[in-house]
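Take a look at the structure set out below.
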Amino acid sequence: MDDFERRRELRRQKREEMRLEAERIAYQRNDDDEEEAARERRRRARQERLRQKQEEESLGQVTDQVEVNAQNSVPDEEAKTTTTNTQVEGDDEAAFLERLARREERRQKRLQEALERQKEFDPTITDASLSLPSRRMQNDTAENETTEKEEKSESRQERYEIEETETVTKSYQKNDWRDAEENKKEDKEKEEEEEEKPKRGSIGENQVEVMVEEKTTESQEETVVMSLKNGQISSEEPKQEEEREQGSDEISHHEKMEEEDKERAEAERARLEAEERERIKAEQDKKIADERARIEAEEKAAAQERERREAEERERMREEEKRAAEERQRIKEEEKRAAEERQRIKEEEKRAAEERQRIKEEEKRAAEERQRARAEEEEKAKVEEQKRNKQLEEKKHAMQETKIKGEKVEQKIEGKWVNEKKAQEDKLQTAVLKKQGEEKGTKVQAKREKLQEDKPTFKKEEIKDEKIKKDKEPKEEVKSFMDRKKGFTEVKSQNGEFMTHKLKHTENTFSRPGGRASVDTKEAEGAPQVEAGKRLEELRRRRGETESEEFEKLKQKQQEAALELEELKKKREERRKVLEEEEQRRKQEEADRKLREEEEKRRLKEEIERRRAEAAEKRQKMPEDGLSDDKKPFKCFTPKGSSLKIEERAEFLNKSVQKSSGVKSTHQAAIVSKIDSRLEQYTSAIEGTKSAKPTKPAASDLPVPAEGVRNIKSMWEKGNVFSSPTAAGTPNKETAGLKVGVSSRINEWLTKTPDGNKSPAPKPSDLRPGDVSSKRNLWEKQSVDKVTSPTKV
């Protein structure tokens, strides 16, 4: 017993270790080397099982040896039989373990298939959800199934979780089976001890037939051994017969107990199967209920999601409209700024035109001023020329007179005196001429500066005028000198400079001192001319530099004005392009918005058409009664029982009533006659029943309670029209009193009884739109389908 307890404790510890290992594995799913770890664990489990098996076999052999040693009187034949039985039992145990392994493999396969079938209905089920008690129960129910030979296959172990579950399950089942077998073995040993059997045989685990045969053989051998040991060998036949009878009774007793065990096992198996079926059925019902609840929750979530999307779409449309309004406002502001910019450019152009006009007027005034100044200068020059000519003539006349007088005096005395006098007169004359030239130059310079201040753009003309004047002045001076000195010749160089006059020998012969005096006089006369030429050149150079600078400034201003104009043109072109792009983008956005609206309308129309088609198909699929039209009882049709013909009639009547409000009275009379013809068609159906009419939803053109219409619409959208009863809507005020005597009133109205409330067909002059609608309501509340179809809701 101590050895048995030790083995059981070892098995319990091993199960605990395997359970802990399985729990640890369940939390280590992210291991990089999962396959290697699983393979190593399986290898260790196989080694552990083999080791336990060898230990059990060795322990069984040791137990047998101890029992044999305890029986000192047993002969060698009994020892041989025991050894042979032990070997046979070991082979049987190996075969039995193999059969159990195959049976367990088949059971695991069936369990896996069942789990896969359950996964098809509920994906949330996993292999790890199978509890240990259910596994043990399935093990007990699967042990009695038919055995088939199949090879072990480890190729199925693809998923890590399935592999670990199978390993742990097999270990648990094998340990449970061993515990059960050991318990049975203990019970059998106790029974044998109670029956006073001296020897306990090694019984094969879970083999009922082999165990019975072995017990019979052992009991017979024990009887023989005991007789040999005590030396009481008797050859009496009655005693042997008693022993045989006792053995047969014992065998029958064992058989009876085995049958009872079998019956109890069958009953237990049947009970377990029934419980399993009940459990599976309950689980299936629970799954179906959960699935239904999940579907309803999903539908509810989908409806909420749809409402949310619609709200988001409405919000988005509002945002887009707001952005479009802001964009339009921005475009208006930009257009306003562009208009202001154009106005500013026009004003600038206007100012530029005024400036050009002012410049032209100033140029014109400057030209007139120059013309006037030129005329004045010409007049002054003429007056001065006349004065100079007169003075020169006077001087010439005086010189001629002096010359004539000097010829008459003696050459030496008179010549000297005349030369001195001439030199003095020449000096005086040159001083006077120099003074006059300086005064003229000062006047001309002042006029030139004044003209330059008035308008610097016309310097070239002034320069030409001054050149002409300067050219005239030296010529006049030279002429005066030539008139006075006939011996000088006028020489002008190509660059406009005046050279000193070369002297010619006169015919009259003077003395030597007289010749030197004439040379000094000529040099004194040429010096002022050279100085005047230098000053003239300096003035010309300065005037040219000033004119070139002013001309460059004017050219630079013109270029700047041209650049500014180009920039303005570029800005205007860019602004125009921006406006065109904005306009193009706005048009594109408008087109996109229209396309989206068209797409939304088309989608809604397709959805409505689809719902109409589905409703029509559902109405057509409904079973029709086999009764004829004459035998059919009157029945209140609701939207779930309406037909296409009645729907078409209701649409026709609605259209006719809508048209009747704007047409002539003759047309109204025709509508009334059509209503009468429709009423006659339903007379037979109305007369066939006496039952009260349940309230109906009103027609689409009549006052309809909003809640009833909303309920009907929601039922048609959800598809519950044919499964759930329709909610009774609030009755109209017009139909409040039409619940009992409606059919009799309609019959009286149709038969044109004189005491009816209203005439069936009044004249067109008496007809009013209210009469038509009220009469229509009378028969429409009792007709087959007076409400709008679900497609109109």
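Each Cβ is built from the backbone N, Cα and C atoms, and glycine gets one as well.
As the structure is a computational prediction, the values presented were derived from the model and not from experiment.
Residues or ranges marked as region 'Myosin and calmodulin-binding' in Swiss-Prot (evidence: similarity to another entry): 26-207.
Residues annotated as region 'Disordered' in Swiss-Prot: 26-94 (among others).
Listed by sequence, the residues of this chain that lie at least six past the ends of the compositional bias 'Basic and acidic residues' (47-56) yet keep a Cβ under 8 A from its Cβ atoms are 7, 10-11, 14, 97, 174. The feature compositional bias 'Basic and acidic residues' is assigned by Swiss-Prot to 47-56 (among others).
The compositional bias 'Polar residues' annotation in Swiss-Prot covers 60-74 (among others).
Under the heading region 'Disordered', Swiss-Prot lists 108-407 (among others).
What Swiss-Prot records for 108-122 (among others) is compositional bias 'Basic and acidic residues'.
According to Swiss-Prot, the feature phosphoserine maps to Ser129 (among others), an assignment based on a large-scale study or a structure entry.
Feature annotation from Swiss-Prot assigns compositional bias 'Basic and acidic residues' to 146-162 (among others).
The compositional bias 'Basic and acidic residues' annotation in Swiss-Prot covers 173-188 (among others).
Taken from Swiss-Prot, the feature compositional bias 'Basic and acidic residues' applies to 236-407 (among others).
Among the features that Swiss-Prot reports, region '3 X 14 AA tandem repeats of E-E-E-K-R-A-A-E-E-R-Q-R-I-K' is placed at 319-375.
Per Swiss-Prot, repeat '1' is recorded for 319-332. Across the repeat '1' (319-332), DSSP assigns 14 helix, 0 strand, 0 coil.
For the repeat '2' (333-346), the model gives a mean pLDDT of 91. Residues or ranges marked as repeat '2' by Swiss-Prot: 333-346.
Sequence annotations record features per position, and here Swiss-Prot assigns region 'Disordered' to 434-458 (among others).
Positions annotated as compositional bias 'Basic and acidic residues' by Swiss-Prot: 435-458 (among others).
According to Swiss-Prot, the feature SUMO2 cross-link maps to Lys459 (among others), an assignment based on a large-scale study or a structure entry.
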### Query
Excluding the flanking five residues on each side, which residues at least 6 beyond the ends of the repeat '1' (319-332) place their CB within less than 8 Å of a CB in that stretch?
582, 586, 589, 593
### Query
Where DSSP helix means H, G or I and strand means E or B, what are the helix, strand and coil counts for the compositional bias 'Basic and acidic residues' (566-633)?
56 helix, 0 strand, 12 coil
### Message
DSSP-wise, what's the residue breakdown of the compositional bias 'Basic and acidic residues' (532-558) into helix, strand and coil?
### Response
27 helix, 0 strand, 0 coil
### Task
Determine how many residues of the compositional bias 'Basic and acidic residues' (47-56) DSSP places in helix, in strand and in coil.
10 helix, 0 strand, 0 coil
